[in-house]
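According to TrEMBL, the feature transmembrane segment maps to B:12-37, B:49-73, B:94-112, B:142-160, B:181-207, B:213-231, B:238-257, B:295-314.
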Amino acid sequence: MTVSDPRIDPKGAREDEQITTDPSNPVERMRSGSMTLSLAPWVIAAVVLAFLPMVFTNNSTLTIMNQMSITIVFALAYNMLLGQGGMLSFGHAVYAGVGGFAAMHIMNMSDFFATIPLVVLPVFAGLFGMGLAMIVGSFSTRSAGTVFAMISLGVGELIAASSVIIVAFFGGEEGISGNRTYAQPFFGVEFLQQLEVYYLTAAWVVIAAALMYLWSRTPVGRMANAVRDNPERAEFLGYSARWVRFYSFVASGFFAGVSGGLFAINYEILTEENLNTASSGVILLVTFLGGVGYFFGPIIGAIAFTLLQTVLSLSTELWAFYAGVLFVATVMFFPGGLAGLIMMHVPVFKLGKSKTLIKPYLYTLLPAAIGLLGLAALVEMTFHFRHAATGDNEMTVFWMTFDSHALIPWLIAAAVTAIGLGIAKVTAPDLREAWSEANTAGGKS
Amino acid sequence: MDLILVNIIDGLVTGLLLFMLSAGLTLIFSMMGVLNFAHASFYMLGAYFAYQISIALGFWMGLLIAPLIVGVLGAGVERYGLRRVHQYGHVPELIFTFGLALLIEELVQFIWGKNQMPYSVPEILDFTAFAISGNSIPAYKVFMIFTSVAIFIGLLYVLTKTRVGMIIQAALSYPRTVEALGHNVPLIFMGVFGVGTALAGVAGVIAGPVLGTFPGMAFVLGSIVFVTIVIGGLGSLWGALAASLLIGWITTFAKSYNIEMESILNGIGISTPDNLDESIFRDFWSITSPQIADILPYILMVLILIFRPAGLFGKRSS
């Protein structure tokens with residue numbers, strides 16, 4: 001069945017086992033480089049998380065930050081598969097969802113729930129996610145690549161579809177809900193307030209992220225990378241590619257379950273939406289946007305995506321469309337994601353030439369951004385023109401209210417788009433030149 | 001007995017429709033080794049384009065033009081999208097087509113809105129062809145069957161009897177040799193991708209009036225199509241046909257006969273527990289076959305992947 005392809009890459013990696021990063025690129029090679037375990041980033045993260053509520057005090061911001069934290073844990077768990085293990089799953093929401101549902105059922109078992117503190121609930125959720133991952137992984141991890149992706153999709157659809165049939169566990173259409181405050185108080189804290197929940201979630205994020213990072217440094221975690229890059233060679237070294245995949249899958253299921261447990265604690269309700277393919281797609285989007293090549297990629301992705309979702313969905317109906325465009329553009333032009341973009345600049349900084357890039361960046365990216373905003377305005381106006389109720393001609397884009405059926409706003413938006421993108425196109429060669437100059441050692445600095 | 005005949009015809013319609021999608025998908029897979037997640041999105045585009053054209057020029061022009069536009073779009077996606085992503089490997093290709101599927105769905109909602117389009121069966125086919133003991137079979141269903149069969153025969157003829165088909169088959173198995181013989185293999189790939197998506201477009205044009213033309217139509221059929229080609233064996237055209245018909249009949253029969261899990265379990269000697277309402281398996285006991293008809297293909301796929309990973313007709317390979 002495997003057909004050799006004329007456009008196969010010359011590096012000789014097996015075509016169905018390739019990863020998104022390019023090993024011949026020195027920047028991308030660095031990700032697998034140092035084995036140092038530095039405490040500094042973790043301490044900084046913990047301190048920042050501890051002080052954030054003092055800056056952002058209102059409840060809605062806390063909710064957004066909680067949402068971010070849950071997504072971070074889930075995206076990191078997902079990246080254990082996609083980035084570190086090279087396994088593409090289209091149904092990973094199932095493990096988070098089942099973990100969450102299990103946590104919800106524990107919340108509703110009042111006798112048992114009253115004897116455990118709420119802070120350990122995510123562990124139970126994780127164990128359920130892990131249990132399911134063990135069952136599914138026992139047959140799905142036999143191969144990576146397309147077959148794995150197809151099984152993950154099939155199992156995901158299967159469980160999402162059974163959620164409306166198996167009402168006893170999944171609660172049918174309306175899902176199941178519970179009350180987190182019935183748990184045994186944890187040092188007197190009953191988690192009635194949003195702030196207390198925030199600290200619980202934040203603590204879990206740091207713990208889970210640290211554990212996942214440590215996992216990626218264990219021999220099993222390192223072997224996952226080896227199996228991703230070249231399973232045959234890993235087998236010759238005496239490791240079973242299948243079992244290495246299985247361990248990654250199970251660990252990923254555990255942490256996905258933890259994120260589901262955190263979701264249960266935060267929202268106190270779980271529905272079919274936590275399981276379905278759309279949720280699985282979102283987590284793939286988040287992880288890929290952040291960058292699968294680096295451990296911290298999904299963290300950036302989760303933060304950026306949650307912000308984008310919150311800000312955009314408040315201001316436009318079309319946010320899913322923009323997210324889709326962004327996703328496809330990322331896959332096509334920046335397969336390293338945001339983390340890849342950031343790490344591209346490390347050599348420039350090491351060469352001490354970062355200053356030479358500021359001006360070209362300003363000249364190209366600023367007009368490009370303005371041009372894209374103009375394009376977005378055009379899109380919004382088209383949408384309004386086509387779908388607004390007849391007679392409702394007034395619309396607001398970028399805090400300006402105008403008549404979407406008049407000609408002048410269209411001309412202005414089109415002009416802004418053309419001029420912005422035009423300038424960017426003219427200055428792009430300069431930027432490219434400055435970039436290659438900044439990446440070359442020596443010369444004028 | 002009469003009901004069985006009606007169900008066989010209904011299942012055949014569903015199966016052949018599935019086959020029109022899975023045939024293109026499986027050709028593309030055996031060519032590029034990548035599953036095109038956006039395949040069902042091209043099916044949806046076919047339906048929407050045909051609807052738009054049918055307003056101005058009527059159904060038949062829609063049937064003629066819409067697949068062509070979809071095919072050109074598909075070829076463009078291969079040329080400017082997939083070929084670019086290909087250098088990063090297979091997983092990004094899968095992710096790319098997945099993103100494309102999301103994007104096309106959003107795009108369709110952007111242009112046509114979220115409501116179902118009033119795309120309907122042409123008047124000339126809007127009559128009852130024949131009736132089987134009171135169950136009428138609309139002429140449109142007969143038309144769907146004949147169109148799909150004609151396309152299948154045409155495809156088979158082109159692939160096995162013509163020079164172009166020979167070159168395509170050769171390019172599928174020995175691309176380098178074919179390239180060395182002076183054929184433009186990337187162009188062949190682009191062409192096959194275009195034809196595959198155009199087939200999906202045809203399926204969309206003829207399915208749009210009966211199954212409904214709405215933004216979720218790609219999603220409804222999309223994952224079933226993957227299931228079909230996995231069950232049939234990735235890359236096998238005959239496998240795709242067999243699996244399509246199998247799935248078409250299984251779902252149709254499961255929907256029209258109300259078989260209860262309770263009676264099956266009782267039949268094999270397990271008696272119903274007394275306090276069924278309190279049992280944690282109560283939902284399991286009360287399952288009926290119409291309820292699970294839509295997830296039967298997934299169950300079948302998981303079973304196939306466990307016991308025969310290469311699929312029904314697939315060749316065993318790495």
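In case you wondered, yes, glycine gets a Cβ from its N, Cα and C as well.
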### Query
Who are the long-range neighbours of the transmembrane segment (B:142-160) in its own chain, taking Cβ under 8 Å and residues 6 or more past its ends?
9, 12-13, 16-17, 19-20, 23, 125, 129, 168-169, 199, 202, 206-207, 210, 237, 241
### Query
Of the stretches B:49-73, B:213-231, B:238-257, which racks up the most C-beta pairs under 8 Å with the transmembrane segment (B:181-207)?
B:49-73
### Query
What stretch, picked from B:12-37, B:49-73, B:94-112, B:295-314, has the most CB pairs under 8 A with the transmembrane segment (B:238-257)?
B:12-37
### Message
Against the transmembrane segment (B:12-37), which of these stretches has the most C-beta pairs under 8 Å: B:49-73, B:94-112, B:295-314?
### Response
B:94-112
### Message
Below 8 angstroms Cβ to Cβ, which residues of this chain, lying six or more residues outside the transmembrane segment (B:295-314), approach it?
### Response
224, 227-236, 238-239, 242-243, 246-247, 250-251, 254
#### Entry: Other parts of the chain folded back onto the transmembrane segment (B:49-73), taken as Cβ under 8 Å at six or more residues beyond its ends
42, 117, 119, 122, 194-195, 197-202, 204-206, 208, 213
